Amino acid sequence: MQWAVGRRWAWAALLLAVAAVLTQVVWLWLGTQSFVFQREEIAQLARQYAGLDHELAFSRLIVELRRLHPGHVLPDEELQWVFVNAGGWMGAMCLLHASLSEYVLLFGTALGSRGHSGRYWAEISDTIISGTFHQWREGTTKSEVFYPGETVVHGPGEATAVEWGPNTWMVEYGRGVIPSTLAFALADTVFSTQDFLTLFYTLRSYARGLRLELTTYLFGQDP
């Protein structure tokens, strides 16, 4: 019995050590990356259009991002609004840019929703275009509410409760180990809604983003 208990503790210690080493490797890898976008850049651009009709704001934002970062934003024919079910909430996203270490997307809900934010190996920031964003941080007893023009930052490893009012739309930027966020983003789709067409759309959007980045890296930007 004591031998079995000791063996379990040894395995637990080994797993913790592996996790610690893996975490260090991940952060060292991120430290070597050159990023296309900056969090404040995305937030500042989004703030320019806060309060406008969200569709008008999004169209103007896309034009500006393409001007500033040619070869890094998906073309119109590959932009698609896709449902997202995760953490008990439901929204929709339109992916503009994706790589292994960062992404830019449009996100929101026409009806309102609430649930768990998830924990990520990534920093995620949302700048609100319209509506309201309520956030209840882990370890606190009060929630905060954010309005158009404000930016909500979700740090790596953090967890919060989130709630969006009806017709809340925002611009989201993520930086970190982006493939690790897909497990949370797709879990409800796989194990709850079983909407495998949405699963396909989500993975296809991410694959298109990766393909665009690879093409730009290999062949340069379009003139």
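Backbone N, Cα and C define each Cβ position, glycine as well.
The feature topological domain 'Lumenal' is assigned by Swiss-Prot to 1-9, with a curator's inference given as support.
The region 'Targeting to endoplasmic reticulum-associated lipid droplets' feature in Swiss-Prot is assigned to 2-8; the stated evidence is similarity to another entry.
Marked as transmembrane segment by Swiss-Prot: 10-30.
For 31-223, the entry in Swiss-Prot reads topological domain 'Cytoplasmic', with the evidence type a curator's inference. Across all of the topological domain 'Cytoplasmic' (31-223), the predicted model scores a mean pLDDT of 96.
Summarising the annotation, Swiss-Prot assigns region 'Important for ligand-binding' to 99-106 and lists similarity to another entry as the type of evidence. Distant neighbours of the region 'Important for ligand-binding' (99-106): 30, 33, 35-37, 42, 58, 61, 65, 73, 93, 169-179, 209-210, 213; these residues of the same chain sit at least 6 beyond its ends, with a Cβ under 8 Å from one of its Cβ atoms.
Sequence annotations record features per position, and here Swiss-Prot assigns site 'Important for ligand binding' to Asp126 (among others). In this view, Asp126 (site 'Important for ligand binding') is surrounded by 27 other Cβ atoms within 10 Å of its Cβ, with every protein chain counted.
Long-range Cβ proximity for Glu172 (site 'Important for ligand binding'), meaning a same-chain Cβ under 8 A and a gap of 6 or more residues, is found for Met93, Tyr103, Val104, Leu105, Leu106, Phe107, Ile124, Ser125, Asp126. Residues or ranges marked as site 'Important for ligand binding' in Swiss-Prot: Glu172 (among others).
According to DSSP, the secondary structure content of the region 'C-terminal hydrophobic region' (177-223) in residues is 40 helix, 0 strand, 7 coil. Among the features that Swiss-Prot reports, region 'C-terminal hydrophobic region' is placed at 177-223, with the record citing experimental evidence.
Summarised by DSSP class, the composition of the region 'Important for ligand-binding' (99-106) is 0 helix, 5 strand, 3 coil.
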